[in-house]
Amino acid sequence: MGKIRVGLIFGGQSSEHEVSLQSARNILQAIDGERFEVSLIGVDKQGRWHASQASNFLLNADDPGRIALRESGENLALVPGECSGQLQTAANAHPLAQIDVAFPIVHGTLGEDGSLQGLLRMANIPFVGAGVLGSAVCMDKDVAKRLLRDAGLKVAPFVSLTRSKAAGADLSAIVEQLGLPLFVKPANQGSSVGVSKVKREADLRAALDEAFRYDHKVLVEQAVIGREIECAVLGNERPRASGCGEIVLSDEFYAYDTKYLNEDGARVAVPADIPDEACQRIRGIAIEAFQALECSGMARVDVFLTPDGEVVINELNTLPGFTNISMYPKLWQAAGMSYRELITALIELALEKGRMDEALSRSCQY
């Protein structure tokens with residue numbers, strides 16, 4: 001049996017482009033070369049797909065602050081239909097590699113929000129991670145929190161605002177409703193991009209303006225006092241949860257720079273130094289949230305553990321980072337699963353989901 005052909009898709013047009021490059025580099029280094037043959041598909045900031053080479057697809061690869069995609073002169077196109085998984089040159093339709101399964105690691109908008117997943121679904125290519133619905137729901141913090149709340153899971157009180165609603169909003173009433181401090185964040189962004197912590201009502205308008213730079217909808221959320229705990233979930237219909245890890249901050253909050261550029265801004269503690277009973281509750285809640293939001297493949301579930309032991313869900317990330325300091329792979333490594341085994345498990349789950357989709361009837365019989 002030949003090797004399974006994996007299309008590793010990375011980069012993208014979002015503000016998390018550079019994070020995706022770091023993740024792709026680590027996945028490429030960890031993947032089992034005896035089982036998988038990798039085609040690198042780099043997406044530049046204009047949305048063009050490039051055929052990348054493993055030996056030189058990154059510039060400044062060892063510097064998270066300057067890492068960049070080396071754009072090839074050969075743009076790619078994806079052929080759907082009977083030639084499912086066929087890559088070809090965009091200029092002259094010259095056939096290149098054909099892929100059996102895609103591993104999208106394009107973080108943020110147009111990669112993690114169901115857009116790329118929809119393209120792969122239409123092209124009939126199995127892919128790692130959540131499907132169209134789960135990806136879109138988890139990306140939209142407003143919709144995700146409403147569904148979690150309806151499922152009986154605890155989330156922080158919040159208000160969602162569009163730009164037009166925010167223009168005429170009574171900010172004093174919002175502060176009175178939610179209290180201070182507040183967090184203001186774009187509804188459809190990850191990696192803490194555009195997030196502000198507001199301690200004074202006078203700063204709320206500026207925080208809204210900053211968040212609206214990145215999205216048309218913004219969340220104003222009550223700050224939760226508690227420890228930041230993360231749990232990794234892996235699986236399709238029978239998901240399992242890892243142990244718990246903790247983000248121990250030295251900065252004000254877990255901002256973009258703290259996550260990816262300043263390794264001294266936070267410390268990742270795996271396992272988290274919390275009571276076993278609390279960790280078991282968090283693991284159960286993580287699986288409930290994973291299923292409530294129609295996730296599959298993988299997700300990192302971020303929660304707060306308050307001083308009185310309450311678990312408040314912050315968010316679910318359906319394409320968690322695979323950078324050097326990312327929590328998702330660290331949690332599974334602590335559970336005894338190596339980086340390589342994790343990558344293999346994710347690809348196998350994608351193929352399993354693809355077989356289930358393929359078995360569905362696509363015609364009406366009377």
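Residue numbering: from 1, along the chain as shown.
Placement of Cβ uses the backbone N, Cα and C atoms for every residue, glycine included.
If you check Swiss-Prot, you get these features:
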- 175-230: ATP binding site (BINDING)
- ASP302, GLU315: Mg(2+) 1 binding site (BINDING)
- GLU315, ASN317: Mg(2+) 2 binding site (BINDING)
- 145-348: domain 'ATP-grasp' (DOMAIN)
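Among the binding-site residues listed (ASP302, GLU315, ASN317), GLU315 has its Cα nearest to the Cα of LYS217 (ATP binding site). Between the listed binding-site residues, namely GLN189, SER196, ASN317, the fewest other CB atoms within 10 angstroms of a CB are found at SER196. Neighbours of VAL224 (ATP binding site), defined as other CB atoms within 10 A of its CB across all chains, total 20. Confidence annotation: the domain 'ATP-grasp' (145-348) carries a mean pLDDT of 93 in the model. In three-state terms derived from DSSP, ASN317 (Mg(2+) 2 binding site) belongs to an extended strand segment.
The two recorded residues, SER196 (ATP binding site) and ASN317 (Mg(2+) 2 binding site), show a Cα separation of 19 Å. Within the set of binding-site residues (LEU182, ASP203, ASP302, GLU315), the lowest number of other Cβ atoms found within 10 Å of a Cβ is recorded at ASP203. The two recorded residues, VAL175 (ATP binding site) and GLU315 (Mg(2+) 1 binding site), show a Cα separation of 22 Å.
Using ASN317 (Mg(2+) 2 binding site) as the reference Cα, a 10 A cut-off selects ASP302 from the binding-site residues GLU210, VAL224, ASP302. Listed in sequence order, the residues of the same chain lying 6 or more apart from GLU210 (ATP binding site) and placing their CB within less than 8 Å of its CB are VAL184, GLY194, SER196.
The shortest Cα-Cα distance from ASP302 (Mg(2+) 1 binding site) to any of the binding-site residues (LEU182, GLN189, ASP203, VAL224) is found for VAL224. Between the C-alpha atoms of LEU182 (ATP binding site) and GLU315 (Mg(2+) 1 binding site), the distance comes to 16 Å.
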